[in-house]
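*Asks:* Below: one structure in structure tokens.
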Amino acid sequence: MPSIIYELQKTCPHTGARAGLLHTPHGTFQTPMFMPVGTQATVKTMTPEELKAMGSQVILSNTYHLFLRPGPELVEEAGGLHKFMNWDQAILTDSGGFQVFSLGDMRKITEDGVTFRSHIDGSKQFLSPEVATKVQEQLGSDIAMAFDECIPYPADHDYAKRSTARTTRWAHRCQEARKAHDRQGMFGIVQGGMYKDLRKQSAEELVAMDFEGYSIGGLSVGEPHDLMNEILEYTTPLLPTNKARYLMGVGTADCLVEGVTRGVDMFDCVYPTRVARNGMAMTWNGRLNIRNAQFAHDWGPLEEGCQCYTCKNYSRAYIRHLYKAEEILALRLVTYHNLYFLLEFMRQMRQAILEDRFPQFRMQFWDSFKK
Ligand SMILES: CNc1nc2c(CCNCC3CCCC3)c3nc(N)[nH]c(=O)c3cc2[nH]1
Ligand SMILES: [Zn+2]
């Protein structure tokens with residue numbers, strides 16, 4: 001009995017957009033969904049209660065970071081990630097491959113796995129399909145990712161072909177390494193670079209391995225948005241409609257609406273939390289940097305009409321003051337608003353799909369976004 005079950009509720013008759021439910025061992029959650037990122041077992045500056053209050057359902061954590069610090073054994077000793085970080089809803093962990101390439105130093109890829117230097121203390125480390133699978137089991141996440149190589153952009157066809165074939169072999173090894181256990185589902189990650197023939201082969205071979213869900217990897221790696229959408233448009237129909245689809249590393253409103261349009265159910269991105277720490281607030285008309293002098297006497301909320309805790313209780317002038325004074329509360333208030341903004345954006349897209357008006361929602365979004 002798979003532990004992760006996707007229940008399709010409604011497909012938009014005009015686009016690939018769909019609304020559904022994701023059943024996990026820690027509850028049932030609504031899609032399309034945005035998943036806040038908690039790299040080191042915390043969504044930076046937010047408490048679990050605040051995350052729940054704003055409507056977070058599934059949050060992310062990371063094999064790479066927790067493997068290096070504090071180590072999977074300590075998290076296991078705590079009774080797993082849910083207990084360790086006091087989060088009783090669902091947790092998804094990435095398998096670490098992506099971070100090795102974007103964070104680790106001096107890395108070497110072989111058929112067996114990846115050798116790299118820790119970005120924390122420079123120590124020599126090794127991750128493989130077997131290690132990444134074991135670590136995610138020790139972390140006890142509800143959804144684990146197969147160990148993959150995220151192909152950089154650009155990459156030539158030959159490199160993409162060889163890398164994708166190895167990712168498929170690694171996916172098979174992950175399936176082998178997973179003891180018959182019912183508490184954790186694993187998603188296969190489709191690669192293939194920007195090549196449709198390789199995307200098709202990757203998707204078909206992973207679907208044959210019957211994962212509980214499928215991530216579309218190797219996107220949001222610096223390619224133009226049009227190219228990302230083109231690859232997405234080609235890839236999602238290759239995936240089974242009765243399984244969840246997760247587009248990795250995507251989290252700005254314009255990319256989210258285009259991902260939902262092409263049938264994606266789940267998204268994650270560090271963007272909303274990362275830019276908040278730099279004073280950037282996300283709004284329906286694009287983003288604003290609250291540290292800007294123009295807000296010094298602005299007594300309105302970050303965004304008119306936003307129902308979030310920050311917008312209901314604090315002015316732009318006050319938040320700008322907090323940033324200028326390097327007060328920690330500044331980071332918390334803008335992080336809260338940015339996450340709330342994206343979660344609310346997903347709720348509105350889900351509602352539009354359920355009420356058969358998603359194309360209109362998408363058109364309205366682009367009209368105001370383009371302004
Ligand atoms: C930002 N763009 C992007 N991110 C990608 C990510 C990371 C997704 N976010 C993970 C969280 C961030 C820190 C804790 C977990 C990708 N991950 C994998 N395994 N494979 C990708 O092709 C892959 C591709 C990605 N593209
Ligand atoms: Zn707000």
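Residue positions begin at 1 at the first shown residue.
Using N, Cα and C of the backbone, Cβ positions are placed for all residues, glycine too.
What you see is a predicted model, and the numbers here were worked out from it, not measured in a lab.
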*Asks:* Examine the ranges 158-162, 193-197, 273-277 and name the one recorded by TrEMBL as region 'RNA binding'.
*Replies:* 273-277
*Asks:* Name the residue, out of Gly55, Gly122, Gly218, Gly222, that TrEMBL lists for the same substrate site as Asp94, Ser95, Gly96, Gly97, Phe98, Asp148, Gln191, please.
*Replies:* Gly218
*Asks:* Going by the Zn(2+) site in TrEMBL, where Cys306, Cys308, Cys311 are listed, which of the candidates His225, His321, His337 is also part of it?
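*Replies:* For the Zn(2+) site that includes Cys306, Cys308, Cys311, TrEMBL also lists His337.
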*Asks:* Which is it, of 165-171, 249-255, 284-290, 312-318, that TrEMBL names as region 'RNA binding'?
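*Replies:* TrEMBL lists region 'RNA binding' for residues 249-255.
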*Asks:* Are there any residues at least 6 positions away along the chain from Gly97 (substrate binding site) with a Cβ closer than 8 Å to its Cβ? List them or say none.
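*Replies:* Non-local contacts for Gly97 (substrate binding site): Val114, Leu127, Ala132, Phe147, Asp148, Glu149, Cys150.
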*Asks:* Return the members of Asp94, Asp268, Cys308, Cys311 (the recorded positions) with CB less than 6 angstroms from at least one atom of ligand 1, or none.
*Replies:* Asp94, Asp268
*Asks:* When DSSP is mapped onto helix/strand/coil, what comes out for His337 (Zn(2+) binding site)?
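*Replies:* SS state of His337 (Zn(2+) binding site) = helix.
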*Asks:* In whole Å, how far does the CA atom of His337 (Zn(2+) binding site) lie from that of Ser95 (substrate binding site)?
*Replies:* 29
